[in-house]
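Undergrad: Input: one structure, supplied below.
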Amino acid sequence: MPVSDSGFDNSSKTMKDDTIPTEDYEEITKESEMGDATKITSKIDANVIEKKDTDSENNITIAQDDEKVSWLQRVVEFFEVKNDSTDLADHKPENPIRTFKDLQESLRSTYLYNTDLRPVEAKRRTWTWKQYIFFWISGSFNVNTWQISATGLQLGLNWWQTWICIWVGYTFVAFFLILGSKVGNNYHISFPISSRVSFGIYFSIWIVINRVVMACVWNSTLAYIGSQCVQLMLKAIFGTNLNTRIKDTIKNPNLTNFEFMCFMVFWVACLPFLWFPPDKLRHIFALKSAITPFAAFGFLIWTLCKAKGHLALGSLNDNGGAISKTVLAWSVIRAIMSALDNFSTLILNAPDFTRFGKTYKSSVYSQLIALPVCYAIISLIGILSVSAAYTLYGVNYWSPLDILNRYLDNYTSGNRAGVFLISFIFAFDQLGANLSGNSIPAGTDLTALLPKFINIRRGSYICALISLAICPWDLLSSSSKFTTALAAYAVFLSAIAGVISADYFIVRKGYVNIFHCYTDKPGSYYMYNKYGTNWRAVVAYIFGIAPNFAGFLGSVGVSVPIGAMKVYYLNYFVGYLLAALSYCILVYFYPIKGIPGDAKITDRKWLEEWVEVEEFGTEREAFEEYGGVSTGYEKIRYI
């Protein structure tokens, strides 16, 4: 059979050396293909099984991760504060929180910027000079002011010497408060934000914590004064022997079961008012301003009538007027400083209420005049009341509530009605003072620290809970202890205020770029370093505290030289001025950035300006995304 050139025959598949029939070849090929297919299928099946096992394991891992995410997400969503802002820029979708690292990042971003900390836009800046005058009228008429004024009498001063000290002290207060309030008035930012400028984005947390602690202490203190009003109200109704009728199991020389019960009554009565936002409480403050002056003047007239117009116009200490000039001089200094110590917290957080000023001048002249006048008047009422009561009872009462308690010795219907009515108004006054001066500021500051989980309402309730852990009955057991406590707090706060004022007025010439206050990018003016800390401010802060610290130890019972105590009596001036001077010296040798034209500390320039922040949320978003901190976007907006 011939063989084709290709080596294959058409009728049978044959090679030149071997011949294989077509049928056998097809069968062999088929079997070979089937074998290969079986092997491939087996491998595929094995891979599929292996993949299924791997997917199953992955699914279990993913399911476990999802369970963790769901648990963490549910906890975060349950506790986080809901954003009720009407600005669309404030409702930017947030990345889901899958891990604790995501939570940390979320806490960081909300700390830097949130709706409670944004600058106040024009529609919310409604305070005119009238509102600031009414604010200080309302703030001055409270029992605490009377107690501060009585401190001078107990130090050995007579009534007119004490009153002069009150005028001088609160004039200094007004001056320092105006200095502290300028940044809020012009840039419409709160104290937690303004403190970032001087101390750094992150070290300002410590500064805000100082303010929170003070707010909690004062909240507890005023709550206890309010509870003393409740005591008088109950005594006027049920009799003056409630302390003995109610079994005493506390065994504290400064507290009985009855007094603690009254403290809890007042504390619980304050809680419902913490639920409402600050703008809803304006009616409470308006009512307080309207009725408290009538109660104060009514009490003065009642006391003068009981004393038949006779006043103990000399000093109220045991030595009468027989005190040396040196002792008199230091008594005057301590009486003046008591006013500054009393205001150390409000001086610090003045931007919290001046940021609502309608115009540049709304908060300046009104406060400069109204504050010392209002406090001098109410202090005079306290001085005259204490002096009149001294002619009646021959006892040094430093609180008007102690005088009202003595009125109940003559348990007539008229005395009972008068004591109940005045005590009720004083209790309401303490409630309003606590809300405006402590609960709301504490809530604001706590919001700045942890805004994702704390708003003003929650912060106010936290402040109320902390106040229970403080023992104000020991703090208020005497005027000397009260004054000592005030001085102790001022040691720390005066140094903070000194640094902030020096930074704003001398170093920065009144210039603040508010965009940089809300970012922690490396180029931010107020980051200073990777830790967000201005070390110059920290060192100056420590220098301001150091001279007063020995006297502070002496005030709590440690034996220290008399010179240290005299420095301590001047604690606010010493801490404020030394911290400010130290900061200026450090900045002179180690300049900071963020001042237009690289102005030096010795240059005669003033760069302060009135800033409009109507679209701040949108502008900040653009600044963060496009402008960064170095492209000059802020110059377009501010310079």
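Easy rule for this one: first residue shown is 1, then count along the chain.
Just so you know, glycine gets a Cβ as well, placed from its N, Cα and C.
Quick paste of what Swiss-Prot says about this protein:
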| type | residues | note |
| --- | --- | --- |
| CROSSLNK | K635 | ubiquitin cross-link |
| MOD_RES | S56 | phosphoserine |
| REGION | 1-37 | region 'Disordered' |
| TOPO_DOM | 181-200 | topological domain 'Extracellular' |
| TOPO_DOM | 277-283 | topological domain 'Extracellular' |
| TOPO_DOM | 393-416 | topological domain 'Extracellular' |
| TOPO_DOM | 478-483 | topological domain 'Extracellular' |
| TOPO_DOM | 563-572 | topological domain 'Extracellular' |
| TRANSMEM | 163-180 | transmembrane segment |
| TRANSMEM | 201-225 | transmembrane segment |
| TRANSMEM | 260-276 | transmembrane segment |
| TRANSMEM | 284-305 | transmembrane segment |
| TRANSMEM | 368-392 | transmembrane segment |
| TRANSMEM | 417-435 | transmembrane segment |
| TRANSMEM | 461-477 | transmembrane segment |
| TRANSMEM | 484-507 | transmembrane segment |
| TRANSMEM | 538-562 | transmembrane segment |
| TRANSMEM | 573-590 | transmembrane segment |
Undergrad: Which one of these stretches, 163-180, 201-225, 368-392, 573-590, has the most C-beta pairs shorter than 8 Å to the transmembrane segment (260-276)?
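TA: Looking only at 163-180, 201-225, 368-392, 573-590, the most contacts with the transmembrane segment (260-276) come from 201-225.
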Undergrad: Do the transmembrane segment (284-305) and the transmembrane segment (461-477) share at least 3 Cβ pairs closer than 8 Å, excluding pairs fewer than 6 residues apart in sequence?
TA: no
Undergrad: May I ask for the residues of the chain that lie six or more residues beyond the topological domain 'Extracellular' (563-572) and have a Cβ under 8 Å from a Cβ within it?
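TA: Residues packing against the topological domain 'Extracellular' (563-572) from afar: 330, 333-334, 337, 340-341, 344, 487, 490-491, 494, 547-548, 550-552, 554-555.
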Undergrad: Within the topological domain 'Extracellular' (181-200), count helix residues (DSSP H, G, I), strand residues (E, B) and coil residues, in that order.
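TA: Computed counts for the topological domain 'Extracellular' (181-200) are 16 helix, 0 strand, 4 coil.
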Undergrad: For the topological domain 'Extracellular' (563-572), what does DSSP give as the number of helix, strand and coil residues?
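TA: The breakdown for the topological domain 'Extracellular' (563-572) reads 9 helix, 0 strand, 1 coil.
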Undergrad: Which range wins on Cβ pairs under 8 Å with the transmembrane segment (417-435): 163-180, 201-225, 368-392, 484-507, 573-590?
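TA: The stretch with the most contacts is 201-225.
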Undergrad: Taking all residues of the topological domain 'Extracellular' (478-483) together, what is their mean pLDDT?
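TA: The average pLDDT of the model in the topological domain 'Extracellular' (478-483) works out to 58.
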Undergrad: Per the definition of 3+ C-beta pairs under 8 A with sequence separation of 6 or more, do the transmembrane segment (484-507) and the transmembrane segment (368-392) touch?
TA: no
Undergrad: Please figure out which one of 201-225, 368-392, 461-477, 573-590 racks up the most CB pairs under 8 Å against the transmembrane segment (163-180).
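TA: The stretch I would name here is 368-392.
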Undergrad: Can you tell me which parts of the same chain pack against the topological domain 'Extracellular' (277-283), counting only residues 6+ beyond its ends and a CB-CB cutoff under 8 A?
TA: 435-436, 440, 456-457
Undergrad: Which residues of the same chain, at least 6 past either end of the topological domain 'Extracellular' (393-416), have a Cβ under 8 Å from a Cβ in it?
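TA: Same-chain residues near the topological domain 'Extracellular' (393-416) but 6 or more away: 143, 146-147, 150-151, 153-154, 225, 228-229, 232, 235-237, 239-240, 299, 303, 306, 316-317, 382, 385-386, 422-423, 426, 478-479.
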